[in-house]
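Read the structure below first, then the notes.
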Amino acid sequence: MNPKGQKVKLNDGHFIPVLGFGTYAPPEVAKRDALEFTPFAIEVGFRHIDCAHAYQNEEQIGQAIQSKIADGTVKREDIFCTSKLWCTSFRPELVRPALEKSLKRLQLEYVDLYIMHYPLALKPGEELYPKDENGKLIADSVDLCRTWEALEKCKDAGLAKSIGVSNFNHKQLEKILNKPGLKYKPVCNQVECHPYLNQRKLLDFCKSHDIVLVAYSALGSQRVKGWVNLNHPVLLEDPVLSAIAQKHKKTPALVALRYQIQRGVVVLAKGNNKEWIKENMQVFDFELTPEDMKAIDGLDRNIRYCDFQLRVSRGTKIFKSIILERQC
């Protein structure tokens with residue numbers, strides 16, 4: 001079990017572990033890393049596994065989970081597995097088939113959480129990033145409220161215990177929340193969140209609507225060229241984090257993770273190093289003081305590591321305006 005059994009109650013009555021294992025990796029190593037590190041993460045105590053169709057390693061994640069069920073380390077109900085609906089499957093009639101394909105790859109009868117990966121529909125097809133002859137992403141005119149209704153049906157069918165969103169700002173969340181005939185509110189909003197981008201306004205908005213904020217890139221993100229702005233400072237080298245870490249005899253990474261948990265945020269920790277994965281479980285062994293929390297709050301610089309402008313054509317204004325708008 002999670003060392004402290006720490007979970008957060010979602011607005012639909014289910015519970016999500018406050019610490020999750022993130023499985024994104026660069027494409028050239030995504031499958032290998034999933035097979036190597038996911039079983040180890042489960043062995044050392046992780047019970048929340050975050051994956052996505054777009055990571056292209058669901059099959060390997062499924063093999064890893066099944067191996068730990070087979071050897072008796074866990075039962076299926078011990079694992080909280082998240083997957084994400086990719087943007088090319090936002091048409092309502094494509095939502096359930098996409099989820100069913102993910103379930104088949106994961107070798108699961110249901111996911112604990114299924115979320116819309118971004119607030120933008122892309123042209124359906126096999127390509128993750130469909131582009132025109134000028135290299136611009138091809139958007140699809142889909143009302144995200146209709147996509148949400150299809151997610152609600154997946155929940156009713158038992159294919160997903162809970163449903164949520166990712167990378168939504170408060171206006172996009174309000175569109176879902178104010179939808180006539182809304183059956184289920186999003187249980188979460190997964191966004192980039194760390195001391196340099198603490199998302200205070202968005203966190204307050206989500207809390208006011210009983211929506212859990214889930215933090216990715218909580219340690220400042222892997223330095224992946226094409227996804228991450230390499231000109232930004234390295235979060236874990238910040239002197240304030242380092243001083244607080246030294247005081248508690250922990251690492252800056254653990255301080256950054258603990259900061260999120262104490263502010264009521266579910267935090268994802270990626271791992272491509274077994275020593276770091278094991279170390280991340282120590283987040284439950286200490287507590288930051290109010291002074292520590294205030295000092296870390298003061299580090300907010302509105303720095304977004306996941307600079308999607310590096311990934312898409314500069315002509316794709318709709319994508320940038322939706323994804324890169326400060327999420328508050």
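Quick reminder: no glycine exception, Cβ is built from N, Cα and C everywhere.
So that you can see what the record holds, here are the features copied from TrEMBL:
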- TYR55: active site, proton donor (ACT_SITE)
- HIS117: substrate binding site (BINDING)
- 19-300: domain 'NADP-dependent oxidoreductase' (DOMAIN)
- LYS84: site 'Lowers pKa of active site Tyr' (SITE)
C-alpha spacing of TYR55 (active site, proton donor) relative to HIS117 (substrate binding site), in angstrom: 11
Under 8 Å by Cβ from LYS84 (site 'Lowers pKa of active site Tyr'), same chain, sequence gap 6 or more: CYS51, ALA52, HIS53, ALA54, TYR114, ILE115, MET116, HIS117, SER166
Mean of the pLDDT scores, which run from 0 to 100, over the domain 'NADP-dependent oxidoreductase' (19-300): 95
Intrachain C-beta neighbours of TYR55 (active site, proton donor), sequence separation six or more, cut-off 8 angstroms: THR23, TYR24, ALA25, ALA30
Number of other Cβ atoms within 10 Å of the Cβ of HIS117 (substrate binding site) across all protein chains: 21
